[in-house]
Amino acid sequence: MNSMDIRCNDIIQGDTQGPSAVAFISYSSLGNIINATFFEEMDKKDQVYLNSQVVSAAIGPKRNVSLSKSVTLTFQHVKMNLSTKKVFCVYWKSTGQGSQWSRDGCFLIHVNKSHTMCNCSHLSSFAVLMALTSQEEDPVLTIITYVGLSVSLLCLLLAALTFLLCKAIQNTSTSLHLQLSLCLFLGHLLFLVGIDRTEPKVLCSIIAGALHYLYLAAFTWMLLEGGHLFLTARNLTVVNYSSINRLMKWIMFPVGYGVPAVTVAISAASWPHLYGTADRCWLHLDQGFIWSFLGPVCAIFSVNLVLFISVFWILKRKLSSLNSEVSTIQNTRMLAFKATAQLFILGCTWCLGLLQVGPAAQVMAYLFTIINSLQGFFIFLVYCLLSQQVQKQYRKWFREIVKSKSESETYTLSSKMGPDSKPSEGDVFPGQAKRKY
């Protein structure tokens, strides 16, 4: 009940004369000898066990040949009652220091209660290792994630409505903040409702691809904010503000939504099977596929850091040599401080995610979860609640709501009295005093 799919061209091996062969061997008891204790990534906290027969694959007459396409191996489970969270596709790796099970070049495609499918880029001896669910999710982290993301969603929605409706702050920077807020809102919402929907596999892959796109788009809009801020600061020395605005309006949507789309399209076309894991609808860690997300994020973080340092250098020179435009410079400086804080809030959270290894993994996991789930609250706080223009608009809206409510109550009272009714001599309306004639 184990099988292997391999391309015929890989068996024939080009111009090789004579017969060609492929061998697929299943060992009934070899797994009792080279068991899970030989796994190179064995964690003492995991209860890892071998849940398939050991199989070997080879082609001839040449033994060491490169495959044009990965082979697909299907293993039947020894234990059918699957109560695991981690599944490892492994091969028997021989080195000068000894032999052990290794995941290099092998990755999981699909797993159910009875079978596991793996892709491997080479031929060797293979097996399936599984880890028992001793590593349960931390319920505190789960609560923090859901509560924090719910608060973040509410704040992002309020921020987006503010950016749309508050005319006093509408400009190119506000448009960039709006698109960033929308991408984060959709990404967090999809994360909440779809990150655990691992079945069916196609749906999980679509969710993983959508999350990849939305979070990449959010970072791309953050890069555009950094570029716009740098051009604004540079405008203090070169008077070309109108051309800067025209340039940003022309490129921001193609870049903000087009570049992430191209990145995800290339990733999905090249490695479609690496979208979605056995327990999460996110990017696979095998073959370094996670770097299709972390690579652009690190690049954007680095570029923005250089841009912001340049902005502060420009502002420092202008403040020391110019007094007539102090208000403009200070506004730009405040925007730079806000954008820099945003860079570290959005960018450093993923750095914390990378540091979730070793003895400090638990602390890093809590920091990552708390900061990452409150990104929306930070955006609403910095760009709305701490903005004087937005505060004035909020007070204006509040007064209009109170006034509208008061007029509504007065109209209701008048309707109850009727058009022909007249107040008696003793009636006094609120705020009105009796007059004596």
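Each Cβ is built from the backbone N, Cα and C atoms, and glycine gets one as well.
Remember, TrEMBL labels are computer predictions, not curated facts.
Per TrEMBL, the feature domain 'GAIN-B' maps to 1-136.
On the 0 to 100 pLDDT scale, the model's mean across the domain 'G-protein coupled receptors family 2 profile 2' (141-387) is 80. What TrEMBL lists as domain 'G-protein coupled receptors family 2 profile 2' is 141-387.
Here TrEMBL flags 143-164 (among others) as transmembrane segment.
As annotated by TrEMBL, transmembrane segment applies to 176-194 (among others).
Annotation source TrEMBL lists transmembrane segment at 206-224 (among others). A Cβ distance under 8 Å defines the sequence-distant neighbours of the transmembrane segment (206-224), meaning residues of its chain 6+ beyond its ends; these are 176, 179-180, 183-184, 186-187, 190-191, 194-195, 197, 248, 252, 255-257, 259-261, 263-264, 267-268, 275-276, 281-283, 292-293, 296-297, 300, 303-304, 342-343, 346-347.
The transmembrane segment annotation in TrEMBL covers 250-269 (among others).
Residues or ranges marked as transmembrane segment in TrEMBL: 289-315 (among others).
As annotated by TrEMBL, transmembrane segment applies to 335-357 (among others).
Sequence annotations record features per position, and here TrEMBL assigns transmembrane segment to 363-386 (among others).
Residues or ranges marked as region 'Disordered' in TrEMBL: 406-437.
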When counting Cβ pairs under 8 Å to the transmembrane segment (143-164), the leader among 176-194, 250-269, 363-386:
363-386
